[in-house]
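Per TrEMBL, these features apply:
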REGION    1-30  region 'Disordered'
COMPBIAS  7-24  compositional bias 'Low complexity'
TRANSMEM  94-117  transmembrane segment
TRANSMEM  137-158  transmembrane segment
TRANSMEM  193-210  transmembrane segment
TRANSMEM  216-233  transmembrane segment
TRANSMEM  253-274  transmembrane segment
TRANSMEM  294-320  transmembrane segment
Amino acid sequence: RGEAGHAGFAAPGQPAEPGQAGWAHPTVPPPQGWVWPASGGLVPADPYGYGHPYGWYPAGAGWDPNDPLVTPPHAGFGGWFSRCTGAFRRGWRLLLPIMLLTQVVPGAALSALALALGPSSQVGTGPDGAPVRPDDYFQGVAAILGVAFVGSLLIGLVQSLGWAAGTWVVTRQAAGEPVALGPALRYGLRRALGLWGWTLLVSVLMGVGLCFCVLPGIYLAFALSLTGPVYLFERENPIGRSFRIFHQRLGPVLGRVALVAAVVILGSMVGGVLEQVGLLPFGDRPLAAPGAGVGALAVVVLAAALVAPVYLVQLVGLLATYAEHRAHEGPVNSARLAAELG
């Protein structure tokens, strides 16, 4: 405490004691409230520098250490993970029906069509040990491939609607704005076609990459993993922008995307195994008999529904990764991201 007649010192943004002139850091403006945009335009950033302790954020700098979605700089993996789990807790009641409608139901329908159009029996073994194929084997395989190709195109459009709707829900919840199933699906419908087109292009690039010794395809899958969020928030050059994000912070982005990919692959494998095991009692043609067909369809739907949490992991994990990178580029918060969605 200063002696009488001496100017006192107050913390930045705090009033001085009575009788003291007070002192404030010249670069720190008084708090303006957590709104976007701040009155008077963008608030200048005060980047981390000498003397700033870990976890300290200047008032009005645009980084909120308690933002529910945007991981501030230097918060690390723990900050990213806590925001992922927070998004789950806030939004699972609304995100789950969105994923069921746009991911699970189309996937189950495609699996049911594959069962109906597949070969009448499996490849057997002759007396001489040579494989014996059923008469309709190649027709069934061709039908499955055709259905898979056309169905994937159509399902991709519905899935794009779901990804856009889920992104809208997570972002607006983090910003404290109201959300509901109807408005979320309407937003997803507005963005579905554009997101679907970019997703198709990414799929083609990944497919070409897989043809070149697999590794280029895996690299493209990681480098282009943020194409969807970039399109929804920025709507400009999402493929090139995703490449830049991936390489600018290679280690953190690769680690987070790899964790999300591991969960998605493992969950999808578990769902596939459960479906195949559940269909074993129904034989080679599970849809031939009405009773067996109902049971087989129930197995397909149940296995697809069990994978629904995997879609939530993919949505939230990639969205939080994108938001974290935006914070490293400059001050941003959930309110601004919600406004950018349109």
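Cβ atoms are placed via backbone N, Cα and C, with glycine included.
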Spatial neighbours of the transmembrane segment (94-117) far in sequence, C-beta under 8 Å, 6+ residues away: 140, 143-144, 147-148, 151-152, 154-155, 158-159, 161-163, 165-166, 169-170, 179-181, 184-185, 188, 275, 279, 286-287, 296-297, 300-301, 304-305, 307-308, 311-312, 315
Rank 193-210, 216-233, 294-320 by Cβ pairs under 8 Å to the transmembrane segment (253-274) and hand me the top one. 294-320
